Amino acid sequence: MDLDYTEQQKAFRQEVRSWLEKHVPGKPLPSFDTSREGFEAHRAWERVLADGRWGMVTWPESYGGRGLDLIQWLIFEEEYYRAGAPLRVNQNGIFLLGPTLMEYGTEEQKARFLTAMASGDEIWAQAWSEPQAGSDLAAVRATAILERDEYVLKGHKIWSSRAVFADWAFGLFRTDPASQRHKGLSLIFFPLNAPGVRVQAIPQIDGETGFAEIFLDDVRVPAFNRLGGEGEGWNICMATAGFERGLMLRSPARFQVAARKLVELFKAHEAEVEPTVRAAVLQSWMDAEAYALSIYATASRLAAGGHIGAEASTNKIFWSEMDIAMHKAALSILGARAELLRTAPEAGDIGRWLDGYFFSLAGPIYAGSNEIQRNIIAERMLGLPRA
Amino acid sequence: MDFRFSEEQTMTADVVRELLADVCQPADLRRLMGAGVARDEARWTKIVEMGLAGALVAEDKGGLGLSAIDFVQIAEACGYAGLPEPLVENAGVVLPLLAAFSANGRAAALLESALVGDVTVTVAHPTNPFVADADTAEAVLVVRDGAVHLIETAKAKIVAQPSVDPFRRLFTVEFEPSDATLIAGADEAAGPLAAALDRGALFAAAQMQGIAQRCVDLGVAYAKERQQFGKPIGSYQAVKHHLATAQVKIEFARPVLHAAAAQLENADLYSRARISQAKLACTDASDVAARTSIQVHGAMGYSWEVDVHFFLKRGIALTNWWGGPAFHRERVAARVFARPLGPEHTFAREAEHA
Ligand SMILES: Cc1cc2nc3c(=O)[nH]c(=O)nc-3n(C[C@H](O)[C@H](O)[C@H](O)COP(=O)(O)OP(=O)(O)OC[C@H]3O[C@@H](n4cnc5c(N)ncnc54)[C@H](O)[C@@H]3O)c2cc1C
């Protein structure tokens, strides 16, 4: 056990820090969810990152990365959040599909998709959920029928984040229409501007766009766009979901920076708030630290050849519940101003805590609801019998 | 940066775990309880034979020279087993404290017989209102005005303060300080006493982490077996979710505990806050796990017959041992409100910010 960074790791942190200081936009970019302009501003930022080869530092150099290890990735993320750099518009691509492609893709597929993903030239959406297939993802009905060397896609996807402006989607389809449940599913990529694709934005809890429905009506894509074998879609999706719940989706640094801001907010209003809020603020800091330490432990284990299993589900529960608690603490510090919009003359330092609180409420739902995660922990970690 | 135990550390803990699985079963605890004693001499001899008494004492003072990170998993194993004998307090806290004063002849002589396991020693630390195991200890380290005195228990007045935990022996100790009893003045004692508090809190946390896992394991075992409505109760989602929630607490207390152990020797505001955080997190885990286990056991959980109550009670005892939640929250606050925060400071030391 050695909890000190090596000289090389310290130097790497400095390198990241000084690059970010020079390049991070001075003003926050407009949201990538609500306008084409904001989306393209984020794409431009992805290109800046890619030019510096900072897009995905863990990827091999041949795909625009630096071939670095997970500890270095954590350091990068820490500096990234510390610098207040823009959210990653291509997170579905780089954090979820990317690692999956590297594990299951052919060399040709990796060459075709990874470089364009790393550069931000192709931004990805995830198209798994359907109106009748939410938690019960194996109930997917959308079909992909092979006709010679093309798949014909048909069906209705929903809740697809970023799909309104994104370029590509990776979807889960039934390639064997006679199949049931987990069998006969395949993971297939399709361009969101292909003939037969219709994308319909769905306003979110705050009234703004964020996710979308996707209607597929005889959309033709080459068989090349299938990741892994036909019928292997379920297993591949579960691997992706592992990345999602495990390391990649939510960097600890995100919460550590939020905890720091919460402490600053608390200090500014200490005289006005009741003592229980102080305990909540301290708990938020402790939880963010606990999550960071846990991810360092996991990264060390993975670096030594270990695997991530059902504990990915414990991560997802922990960070999503922590996120809510942190934002609740902030709202209680803001008191009567918590309900104000930022345009209100008396808004003062309310910041984005209310937006963050709304978004935190989605945490226990997306990436597999926390109820489903608890089922997984109980059955796979604790060995309790299935219902 | 490598947040993993060495093979040797894990192997040593495994050996202790296996020994305790062998000689410290709930049936053994019940036998001891029936006899009204808190120490099984045969089991204690086996533990002493492993050479663990001097685990944390430096090699040049006759110990094994291990550090907190080597011992933390052993303390977890003791918590998991509900070990009655004072391995954690004696080896983990008191003997390294005594060794700090080994320039004193009486302290050195006592240390020698404690290291071979002939005697145990205990401490009346200002953090704790009571002294553990004073009846079986040869001597007590007592603090008066910051100075440390070494008192043979035979020469002190010890008053039993019975605990709900049948295996905890608590006492108050009265003594007459004199030049003869003094072994270290306040200046010399301050550092070692602060280090003792850190180790005490850390290893109490470690035991609670073990207690928490034991409670979940007992609940899981019962939930697989007990049938209601024609099915094992563990197949019902409400039961599953209770146990999963407790396991999440355990999973996120563990890395805090281990980081605290790895950084204990930094002995600064940062490492102390981490130790306190570990104590809070492990307290929370053991509290949630014990209550969950009782709930999952139904009325059996409220009975004397099921073993969960041993662990519930040890958890209650350790919650305030070596500082309660309010005390430790203030140590966290001292770091949070006065030092830089953010992801780049996770593993920081005070020296770097001096
Ligand atoms: C902000 C946001 C972004 C999203 N982005 C995407 C995306 O990019 N791509 C995509 O494909 N999907 C996306 N989703 C969809 C997400 O994956 C689903 O919402 C999720 O899988 C749950 O499905 P559902 O909404 O249909 O809820 P349901 O499955 O209908 O669940 C409703 C409630 O019932 C509970 N429940 C259901 N089944 C069980 C069970 N067996 N045991 C216990 N409780 C159960 C759930 O936990 C939940 O509380 C997104 C969702 C949100 C909120």
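Here the Cβ of each residue, glycine as well, is placed from N, Cα and C on the backbone.
Mean model confidence of the domain 'Acyl-CoA dehydrogenase/oxidase N-terminal' (A:6-121) amounts to 96 (pLDDT, 0 to 100 scale). The domain 'Acyl-CoA dehydrogenase/oxidase N-terminal' annotation in TrEMBL covers A:6-121.
The domain 'Acyl-CoA oxidase/dehydrogenase middle' annotation in TrEMBL covers A:125-219.
Residues annotated as domain 'Acyl-CoA dehydrogenase/oxidase C-terminal' in TrEMBL: A:231-382.
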Tally of residues which DSSP labels helix, strand or coil - the domain 'Acyl-CoA dehydrogenase/oxidase N-terminal' (A:6-121): 75 helix, 0 strand, 41 coil
Residue counts (helix, strand, coil, in that order) that DSSP gives for the domain 'Acyl-CoA oxidase/dehydrogenase middle' (A:125-219): 3 helix, 54 strand, 38 coil
